[in-house]
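Here is the structure we will look at, set down as structure tokens.
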Amino acid sequence: MTGLDTLPDARVAAASTPARRRSTRAVRAAIVAAVLAVAVIGVVLLSATVGQFAATPGEVVDAFTKVVFAGQDPNATRAGAVLWQIRFPRAALALLAGACLAVAGAVMQGVFANPLAEPSIIGVNSGASIGATAVIVLGFAAVAPWMLPLAAFAGALVVTLIVWALARTGGKAAVLTLVLTGIAINAISTAITSFLIFLGDTSSREQVIFWQLGTLADATWPSVATIAAVFLVGFVGCLLIRRPLDVLALGDTSASASGVRVEHLRVAAILLSCLLSGVAVAFGGMIAFVGLIVPHAIRLIVGPSHRYLVPLSALGGAVLLGLADIAARTIIPFADLPIGIFTAVVGGPLFLVLLRRTLRGQGVRA
């Protein structure tokens, strides 16, 4: 056999290598999706059973099926009232808020080509903090229950738009300029929030601090419906831009040469991230690390393709925040601790581990 005889086999082997890699990633993604889906169901059951009022899994399933399939009044039994008025909406809000934060983080990391990126770098959290603090200090939060989340979401949107407008030069906004502008605006926003807190009384200060640490204690079905609708819109939007985001990883020049309208893509990605993270912060407060740690971990498992990264991040974020909420309301009897404490306790060390692993993979000495 001559060397020429081996060329076709070599070409076939070379061509099949990317196909095998894609197949391996698809199988790995399917396994991760199945595990996370089961974990979501487990989190819901656990969230419904634990607490001051103990309920068995059988009682949870019975209360759910009788209301959904038999049309029974949710308040017909004590267990049904507790589950449908308190635990089910809180569990649903935790899952949806976690999914929103994780998907927003995945998109931000893709558009900035940086695994350390998250929505807070463009002012989402600081803007939401200004809005929430203002309505609490001025007393508007007591007028209607929707005033606080509405003000927080509006603040997040306004500050994000300010960052984008200030970062634009010649009709474009470079990544580095966006990051630096976001840092500056975040500092200014923090100063404004601090001044508003200074103006408030002791009661409003305590309420602001508790909101900033994150809480899902005020979960209701209307709030669940709102965040579910926003998540659906944002999630579908992120799926629609998944392929352009993959191309953007090659760089702005290569992406433009491939037909991607980089500036329009960046605008769409940032707006979608702001929408998702803004509504999560509005109803859950300042919850740290979910949008940073979950997509980073998923990327290490299934690779950088947003085809898998976006939906798996949604599931992972739901599981993480659901577990954090369970810990927040059960670790100390008769106390509802801020959920942000637990996401930081879990997310901080885990992020350091993932960061060191990433640096070793890149050949950098950690």
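Each residue, glycine too, has its Cβ placed from N, Cα and C.
TrEMBL does not curate its annotations; it predicts them automatically.
Quick look at what TrEMBL annotates:
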{"type": "TRANSMEM", "residues": "30-55", "note": "transmembrane segment"}
{"type": "TRANSMEM", "residues": "91-112", "note": "transmembrane segment"}
{"type": "TRANSMEM", "residues": "124-144", "note": "transmembrane segment"}
{"type": "TRANSMEM", "residues": "150-167", "note": "transmembrane segment"}
{"type": "TRANSMEM", "residues": "174-199", "note": "transmembrane segment"}
{"type": "TRANSMEM", "residues": "219-241", "note": "transmembrane segment"}
{"type": "TRANSMEM", "residues": "269-302", "note": "transmembrane segment"}
{"type": "TRANSMEM", "residues": "308-327", "note": "transmembrane segment"}
{"type": "TRANSMEM", "residues": "334-355", "note": "transmembrane segment"}
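For the transmembrane segment (91-112), the residues of the chain that approach it from at least six positions outside its boundaries are 40, 43-44, 47-48, 118-119, 121-122, 124, 175, 178-179, 216, 219, 223-224, 227-228, 230-231, 234-235, 238, 241, 245-246, 248-249, 265-266, 269-270, 272-274, 276-277, 279-280, 283-284, 287, 290-292, 294-296, 298-299, 304, 306, 309-310, 313-322, 324-325, 339, judged by C-beta separation under 8 angstroms. By number of Cβ pairs under 8 Å, the transmembrane segment (150-167) is matched best by 269-302 from the list 30-55, 174-199, 269-302, 308-327.
With a cut-off of 8 Å on Cβ pairs spaced 6 or more residues apart, the transmembrane segment (308-327) and the transmembrane segment (124-144) reach fewer than 3 such pairs and are scored as not touching.
If you look at the transmembrane segment (124-144) against the transmembrane segment (30-55), you find fewer than three C-beta pairs under 8 angstroms, all six or more positions apart, and that falls short of contact.
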